[in-house]
Amino acid sequence: MNHILAIDQGTTSSRAMVFDEALTLKSVAQEEFPQIYPRPGWVEHDPSDLWSSVAATARAAVERAEIDGSLAAIGITNQRETVVVWERASGHPIHNAIVWQDRRTADLCHALAEAGHEPTITERTGLLLDPYFSATKLKWLLDHVEGARARARRGELLFGTVDSYLIWKLTGGRAHVTDATNAARTMLFDIGRGIWDPEICGLLDIPMEMLPEVKDCAALFGMTRADLFGREIPILGVAGDQQAATCGQACFRPGMMKSTYGTGCFALLNTGEERVTSRARLLTTIAYQLGGKRTYALEGSIFIAGAVVQWLRDGLKIIREAGETQGLALSSDAAQDLVIVPAFTGLGAPWWKPESRGAVFGLTRNSGPAEFARAALESVGYQTRDLLEAMRADWAAGAEGVLRVDGGMAASDWSMQFLADIIGAPVDRPVVRETTALGVAWLAGMQAGLCPGPEEFAADWALERRFEPQMEASVREAKYDRWGRAVRAVMAV
């Protein structure tokens, strides 16, 4: 039997997983790497840490799977928007990678918005003018690394998101490529025409010579160096992490939606061939591109999901491990109706208020650890409903009635039941929780001829548990109204 290696390069760690051609998980390896915070609001990674952790985990996963030379394909999924610039000749980065969380270009984004450029940028790229995306990070590097822009114009420097940099390293510098989903997160890519946008590149003074070739999500991206795995292996699938999870959840029909719960939360709604422009400040993006055909999505991001549980553990110290929250929530006094708005780093979609800060409402003398745990978990459900309400308002065709979930917090039965209750719709949790790696393994396997196409893959998607709404509609709406008033109060401060 042939096997597929899925490389999952994330924000805090790199993971590698080996799947067989039936997409059964055979092995996992993971390695964390340091986060670099040069100044408040700045976040960087050393690209050598990204590469070394990927190389180490990839080799370890292959060894643990004991697959005896049957590795047939590689897929790559990655943290999106993070920027790497390196020398074409040597492969050496000219600066640390600037991570998607980095806010150093906030003033530049504000100036561009004040100059009236946001409507054009949003119309072309589907994105908001925000430091989150790659374009202004790349401009910052070209502005602040001596001689960088001139070298880029001479073809000496290359830009890439993390997938592109890893492909360059894996292939020994033979391929400078990316996929459409990663390109769509740079704020330089026209998602309607499927090309790098010359006008936006000109506005930011970014030489187009340094941009990678853009491919489908399932394509030949290059062959690895022979010394890495004993022979050259084709890289056949690439997608940004949230788009890979969308594929792993088999959200292939327009109207299907998934929500991934990690440190934050990312919800994607498949809108098919229709590119929907959001009126609620959601993002319009590419869900996946296969056979030259783009499928679009609306995306909403919540900054704080699983991170609110980390706050209970590391900040308030009312739990020792995340698993304790479910028991506390079950023992809480629901009548207290404590509300936590966890705007620790501002409010994400659909509010986009980076200056807002968190608050607790409804405190009484009897509010204790159990009530805080319950309110923290409930905040994730409320924020998810905010996203879904915005998606329904934006797209007349409407979302289907079921939300597919994955990520660490999806393991909590209590959280998923509350989510179903507060959105008033079923929540489906799959058997395979590693949907991001599964998605990119499927893309690579499909391109290799080992795995089925979308329809058959979707038919094989397996449900572990469905959570049906149990809360009375009047209670649901009263609770959600209270949440809305709390959010408005936070934004008013």
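Cβ atoms are placed via backbone N, Cα and C, with glycine included.
What you see is a predicted model, and the numbers here were worked out from it, not measured in a lab.
Together with Thr11, Thr12, Ser13, Thr263, Gly306, Gln310, Swiss-Prot lists one candidate of Gly160, Gly172, Gly408 for binding ATP, that being Gly408. The glycerol site recorded in Swiss-Prot comprises Arg80, Glu81, Asp241, Gln242 together with one of Tyr37, Tyr132, Tyr261, Tyr288, namely Tyr132. When each of the binding-site residues Gly306, Gly408 is scored by how many other Cβ atoms sit within 10 Å of its Cβ, Gly408 comes out lowest. Of the recorded residues, Tyr132 (sn-glycerol 3-phosphate binding site) and Thr12 (ATP binding site) place their C-alpha atoms 17 Å from one another. The Cβ neighbour count for Arg80 (sn-glycerol 3-phosphate binding site), using a 10 Å radius over every protein chain in view, is 25. Glu81 (sn-glycerol 3-phosphate binding site) sits 15 Å from Thr12 (ATP binding site), taking the CA atoms of both as reference points. Taking the Cβ of Thr263 (ATP binding site) as reference, residues of its chain lying under 8 Å away and at least six apart in sequence are, in sequence order, Thr11, Ile304, Ala305, Gly306, Ala307, Gln310. Within the same chain, residues at least 6 positions away in sequence whose Cβ sits under 8 Å from that of Thr12 (ATP binding site) are Glu32, Phe33, Gln35.
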